[in-house]
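Marked as FAD binding site by TrEMBL: THR93, SER94, VAL291. Per TrEMBL, the feature domain 'Glucose-methanol-choline oxidoreductase N-terminal' maps to 332-346. Taken from TrEMBL, the feature active site, proton donor applies to HIS552. What TrEMBL lists as active site, proton acceptor is HIS595.
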Amino acid sequence: MPIQSTLAGSLSMPSIPEIDTVVQYLSSLSPRIRLLLATGSLLALIIKYLRVKSAKRANGGRYYIEDLSKVGSTSELQDAWNSYDVIVVGGGTSGCALAARLSEDPNIRVLLLEAGGSGTALVQSRTPSMFGRLFITKHVHQLRTEPQVFARGKKNFWPRAKMLGGCSSINAQMAQYGAPGDFDEYFNKYETYIPHPDYPSVNTSARGTNGPIRVGYNNYVSKPSVAFIKSCISVGIPFTPDFNGPQGTMGVSRIMTYVDEKYRRVSSESAYLTPNVLARNNLTVATNATVTRVIFGNVKGEVRAVGVEFAREKNGQRYRAKAKRDVVLCAGAVHSPQILMLSGIGPSEHLRSNNVPIILDQPNVGQNLVDHPVVDLYFKDKHNASAKWMRPKTFGDGVKLISALTRYFILGWGGPLATNFGESAAFIRSDDPKLFPPSKYPQHLTDSTSAKDSPDLELFTTPFAYKEHGAIWFEDHTFALHCYLVSYLKNPEDMWKLVRGVRALLAIAHTQPLAGYLDHASTKDELDHQLHLKSDAEIAELVKDRVETVYHPTTTCRMGPREDGGVVDSKLKVYGIRGLRVCDASIFPKIISGHTAGGCYAIAEKLADDMKTEYRSN
């Protein structure tokens with residue numbers, strides 16, 4: 001992982017009113033559509049309503065510290081630095097949870113530093129269906145992968161959130177935690193499951209009831225996504241009432257989401273940094289504060305993290321703050337190893353080549369990166385009922401948009417704007433003889449799963465198709481199916497597992513009732529209705545062309561024995577350095593066979609308990 005210049009956030013805090021976002025969105029439409037919409041009284045009503053609501057939000061909203069001189073010092077003398085017990089670097093999925101839980105103990109002073117601003121202040125983040133509009137903005141790091149040698153040399157888009165809540169503020173809100181075989185469970189503490197009358201078979205005794213993260217079936221689901229579940233059952237994929245229940249992940253179901261009863265996203269910021277938590281005297285949250293390095297000292301003959309340096313702008317004033325007990329990096333699988341290397345901890349040759357003074361030669365920092373590769377399939381919606389009106393081009397689209405805005409923002413009824421896009425899913429194994437009979441699939445593929453009842457493929461739906469991570473929408477009404485490899489190995493067999501996943505999707509697409517929603521008579525080259533007629537070799541070429549990432553990078557600061565490539569131990573302490581820990585997806589020993597946010601919450605909860613116990617005993 002190359003060291004990059006650090007960038008400071010420039011987001012104003014808080015809050016951005018809903019009206020500003022809606023007006024900005026409507027302004028992006030064609031002049032003809034704006035004129036047509038402006039003639040309707042509903043638009044005026046929405047603007048008036050949101051303006052009043054925004055004023056109330058501004059008066060009652062939460063506030064974070066932007067003036068970095070209030071939390072840090074420009075002096076190089078440590079005695080002059082603001083002092084805290086723990087400094088948490090990065091207010092992402094794990095960081096907000098860790099800071100909130102540590103500050104439950106009034107004897108622990110916590111400073112949380114976030115490079116961006118508030119996620120909950122952005123209506124695109126709060127509204128389940130709008131998160132994709134944040135991808136190409138200042139609120140998201142515009143990263144690209146290295147050229148993928150097995151996928152046409154593409155540099156795939158790799159967004160990392162730059163805001164409180166981190167990627168929990170821009171993800172698809174799919175609350176699936178991985179298979180039980182991936183790790184020991186630590187989920188009930190952070191979760192509150194919201195029962196739904198349509199899903200009585202969920203075993204509520206196995207779900208959390210008092211945690212800050214509210215999960216349930218509050219998102220909007222399109223009819224084809226419901227049909228997908230029935231078609232999966234017809235091809236041999238069993239129904240499961242709960243991907244996160246004691247029976248494990250395998251099967252098909254509607255996806256549970258991080259969407260609350262008011263149809264709003266639940267992020268680590270909204271769940272953990274509540275007004276009551278922010279009112280604690282021992283918790284300080286600073287935004288637009290990019291950490292440039294960890295500062296070390298020699299304490300009793302040992303190298304120890306004694307504080308951090310941070311700035312608002314790339315070449316701006318540097319501030320320093322002291323950590324009496326621990327510095328905890330929660331900056332994610334990309335930026336936590338970057339900060340370690342900027343601080344002098346990493347592969348010595350790489351540090352030397354970038355003129356970084358070496359504190360500790362740790363060749364495993366930034367190594368072992370894994371992610372989930374995904375392949376998308378595109379189909380025409382036979383009934384022309386997709387939500388492509390979200391980017392209106394006709395007057396009819398505009399009417400549908402106004403109706404959806406009214407339903408969501410004014411009436412509070414949810415509706416299509418409450419979709420999380422990833423509406424239904426199925427978890428399967430590429431060696432399942434029911435789905436892939438040996439007579440048709442004789443090739444033996446190496447088992448890369450965490451256990452015999454863990455999946456290696458996820459299949460999921462979105463209510464319309466898109467390209468370039470949502471930047472390009474189809475002219476036709478569409479529906480999309482997706483497959484990604486959830487147990488990742490650097491192995492040529494990965495591609496053949498994805499080929500099998502594509503075959504499974506095609507079988508589902510041509511099975512009733514989903515087949516009745518798709519126009520399989522279409523022969524357009526950009527659509528995949530005829531893909532089932534192609535050979536495996538041809539589908540493999542399609543996989544190479546289309547494979548992307550679903551933004552689940554992990555394992556770059558791997559937890560494990562040092563001699564086996566570990567960067568941190570079981571208490572998430574960085575080997576060879578006192579007072580320095582890492583707590584985010586970078587510490588996963590291997591990637592979760594599902595969605596990574598739940599694991600990030602769990603490790604934060606566990607580490608907070610461990611640290612509070614440790615501090616009380618010392």
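Here the Cβ of each residue, glycine as well, is placed from N, Cα and C on the backbone.
Here the features listed in TrEMBL are placed on the structure.
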{"residue": "THR93", "record": "FAD binding site", "Cβ neighbours (10 Å)": "31"}
{"residue": "SER94", "record": "FAD binding site", "Cβ neighbours (10 Å)": "35"}
{"residue": "VAL291", "record": "FAD binding site", "Cβ neighbours (10 Å)": "25"}
{"residue": "HIS552", "record": "active site, proton donor", "Cβ neighbours (10 Å)": "25"}
{"residue": "HIS595", "record": "active site, proton acceptor", "Cβ neighbours (10 Å)": "26"}
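Remote same-chain partners of the domain 'Glucose-methanol-choline oxidoreductase N-terminal' (332-346), defined as residues 6 or more beyond its termini with a Cβ less than 8 Å from a stretch Cβ, comprise 1, 3-4, 6, 89-90, 92, 141, 143, 158, 160, 166-167, 291-296, 354, 356-363, 365-366, 369, 553-557, 567, 574, 577, 582, 584-586. Between THR93 (FAD binding site) and the residue listed as 'active site, proton donor', the C-alpha separation comes to 12 Å. If you take the Cα of HIS595 (active site, proton acceptor) and the Cα of SER94 (FAD binding site), they are about 14 angstrom apart, rounded to a whole number.
The helix, strand and coil residue counts that DSSP assigns across the domain 'Glucose-methanol-choline oxidoreductase N-terminal' (332-346) are 11 helix, 2 strand, 2 coil. With respect to their backbone Cα atoms, HIS552 (active site, proton donor) and SER94 (FAD binding site) stand 14 Å from each other.
Put simply, the two farthest-apart Cα atoms among THR93, SER94, VAL291, the recorded binders of FAD, are 17 Å from each other.
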